[in-house]
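K.L.:
Below is the structure I would like to discuss, written out as structure tokens.
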Amino acid sequence: MAGVTTEPATQYLDVVWLSVAAILVFLMQAGFACLESGLVRAKNSINVVIKNLVDFLIAALSFWCLGFALMFGDSWFGLVGTSGFLFEGGATPWMATFFFFQMMFCGTATTIVSGAVAERMRFAGYFICAAILSTLIYPIVGHWCWAGLEQANPSGWLAKLGFIDFAGSTVVHSVGGWISLAAVLVIGPRAGRFDPEPKEIEGHNLPLAVLGVFLLWVGWFGFNGGSTLRINATVPVILINTVLAPVAGGLTAVVITWVLHRKPKVGIIMNGVLAGLVGITAPCHVVGPTGAVVIGAVSGVVLFVGMWMLERLRIDDAVGAVPVHLFCGVWGTLAVALIGRPEMWGNGHGRWEQFVTQVTGVAAVGALSFGGGLALLLLINRFWPLRVSAEDERIGLNVAEHGANTALLRLLMEMDQQRRDGDFSRPVQVDAETEAGQIATLYNRVLERVRVETRRREKAVQDMRIAKEAAEEASKAKSHFLASMSHELRTPLNAVIGFSEMINQEVFGPLGHARYREYITDIHSSGTHLLTLINDLLDLSKIEARKYELDEQDVDIAVVALSAARFIQKPIHDKQLKFNTQITPNLPPLRGDERVLRQILLNLLSNAVKFTPRGGAVELKVESEPDGRIAITVSDTGIGIARKDLARVMEPFGQVPGKANPETQGTGLGLPLTRSLVRLHGGTLVLRSEVNEGTTVTIRLPLWRVVRKNRNVA
């Protein structure tokens, strides 16, 4: 800070200049808000900007109540001010403007911390941290360095030593940097930042962050230019230096990132510009443009060294506030002695003496800011944790701390909830006319496609499972069929071959012997049985291949039923069975295949006779039902079938083991073939049976199979 003139004629012009400069410094609050919110993740952006707003509220009120008095009041041994509390406007307009200007500086120092601790510090904890900085640490450091300079009469102990910090590389930026370092050490790194290796966490809106850099740069013209406290000849050079130093810092960052990363890193370039601005803040009035370029370039290097050190020490600074404001603030303060022009210092020191003074000031400010800040934060953290919970950090401080949300964050939370629940049946909410809404729409389309593909694949898996089970059942049935058919096929074949050979060899003499006639009868019977087996197999194969064709015609079902009944008279007589036939007179003709209908009846009657023991009963009933359909029922008093085995006997080659004698066992094709032939006619087959009570099979042919002949009425 420079001293001021007391000439009334120039004070009003100085008031205008200082007011404009203060407003430009206030604009830096917007710059910090844009920069820091752009460099953090979207789920924490609202929390960051509200902290930037609230810390200014705290800083402004505390500076009015206490800060200005502690900083510029009557000095107590050069350590702290003791007068001017609750500032009431001062004796002159210029003093009120000076208060306004210094209030903006206090707000700037305070808001630096919000970026460093972003994404994991409680709002209440940050509130306390901002109050400590703006009420105690910043005003005391400011008193040491700047007290009395507004009257060209230094009273702070560092100012009396000749310590120079023109616009606040140490007082503003290093103080903010020291408190930031203490805070990040207390609260620790963000989740995943060093787990297990250092991992860069990208900001959600780099264009907004770049806008923040430009706003800060504009505000810095008031920061440095206004620190003259009046319009004088040094202002133009100071403004030029405020352009050249950040230019050099930014270009240095570009070169280093290109060399190290093979590409210009946006975040580092932005911080390179800010590093140059912080570096030139202390010496901007004692160097020329060339010196400003050197200071800015070195600031870019210091930035990289600081970032490397923090990463090696696993210290997490969300926006790079510590390397920019602390490390480059220290460098800028030392640059006063290393690069500044001694004749412009105004204290008569040589370069070495000034360097020692600058180091003393840096060390003293660091001890108070870092040491005092760390002690207070550790004490507070012991009783009131400054860091949010792991769950709050995961969901983001926008929601956890403020209940605030964004369309994109809502979408991300819904997607994450789906991931954790594993439920993708519901679409996510779509906020129309937003980028997040467009993403949600496309995501819902992806979800729908996934659901369709999942259903299709599940159906394919189910079909494959059914096919596999069917194939296994078919394999078992065929194996069982081959085992049972070996007896069925060998018996008639052996009979045909054996009896034929005996006849051929005339074992019993000339062919006229009566025994040969008996053998010929057995050969015929065995051949007929074998042909029946083969025909059943062929018929079932044709039906399964959908190649079985019906020879449809009008059929008198009563005639067909009586024909089938006559065919089984011999086995009925041999087993001494009771056989009853009930056929409703004048049944209408049926449209169907007469041969197939006869085969259906023969299969059912043959099964009934085969599985009914001697002395039992078999009944055939053909009748017209009330709805006009024709029903055919075959019942017996045979061995019956257990309910659990009903489904098995309706499958091809399916038999119930142990329920019949070897003489009665067949291929297992009778009922399945019969059902298939009935279905070809559009009919249904119902099987009812009880073990040791008998079996009833009912066939119903559809109404459209019944022929209704038109009759002319006179």
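Cβ from N, Cα, C; glycine included.
Note that the coordinates shown come from a computational prediction; the quantities given were computed from them, not determined experimentally.
What TrEMBL records for 484-705 is domain 'Histidine kinase'. Residues or ranges marked as transmembrane segment by TrEMBL: 15-35, 56-73, 93-116, 123-141, 161-186, 206-223, 235-260, 267-286, 292-310, 322-339, 359-380.
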K.L.:
Do the transmembrane segment (206-223) and the transmembrane segment (359-380) come together with 3 or more C-beta pairs under 8 Å, pairs six or more apart in sequence?
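P.N.:
Judged by the Cβ rule, the two regions do not touch, with the required three close pairs absent.
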K.L.:
Is the transmembrane segment (161-186) in contact with the transmembrane segment (267-286), using three or more Cβ pairs under 8 angstroms as the rule and ignoring pairs under 6 apart in sequence?
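P.N.:
When sequence-distant Cβ pairs are counted, the transmembrane segment (161-186) touches the transmembrane segment (267-286), since at least 3 lie under 8 Å.
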K.L.:
What is the average pLDDT across the domain 'Histidine kinase' (484-705)?
P.N.:
78
K.L.:
What same-chain residues lie close to the transmembrane segment (322-339): Cβ under 8 Å, and 6 or more beyond its ends?
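P.N.:
For the transmembrane segment (322-339), the list is 112, 116, 164-166, 169-170, 172-174, 176-178, 180-181, 184, 271, 274-276, 278-283, 286-287, 291, 294-295, 298-299, 302-303, 305-307, 310, 315, 345, 351-352, 354-355, 357-359, 361-362.
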K.L.:
With the transmembrane segment (235-260) as the reference, which stretch in 15-35, 161-186, 292-310, 359-380 has the largest tally of C-beta pairs below 8 Å?
P.N.:
292-310
K.L.:
Please give the sequence-distant neighbours of the transmembrane segment (359-380): residues at least 6 beyond its ends with Cβ less than 8 Å from one of its Cβ atoms.
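P.N.:
Apart from its flanks, the transmembrane segment (359-380) reaches 125, 128-129, 132-133, 136-137, 140-141, 144-145, 158, 161, 163, 165, 170-171, 174-175, 178-179, 181-183, 185-186, 330, 333-334, 386.
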K.L.:
State the residues, same chain only, that lie 6 or more residues beyond the ends of the transmembrane segment (292-310) and have a CB under 8 A from a CB inside it; answer 'none' if no residue qualifies.
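P.N.:
Sequence-remote neighbours of the transmembrane segment (292-310) are 240-241, 244-253, 256, 268, 271-272, 275-276, 278-280, 283-284, 316-317, 320, 322-324, 326-328, 331-332, 335, 339.
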K.L.:
Can you tell me which parts of the same chain pack against the transmembrane segment (161-186), counting only residues 6+ beyond its ends and a CB-CB cutoff under 8 A?
P.N.:
1-2, 105, 108-113, 115-117, 121, 129, 132-133, 137-138, 141-142, 144-146, 223-224, 227, 278-279, 281-286, 315-317, 321-322, 324-330, 332-333, 336, 340, 345, 347-349, 353-354, 357-358, 360-362, 365-366, 369-370, 373-374, 377-378, 381, 386
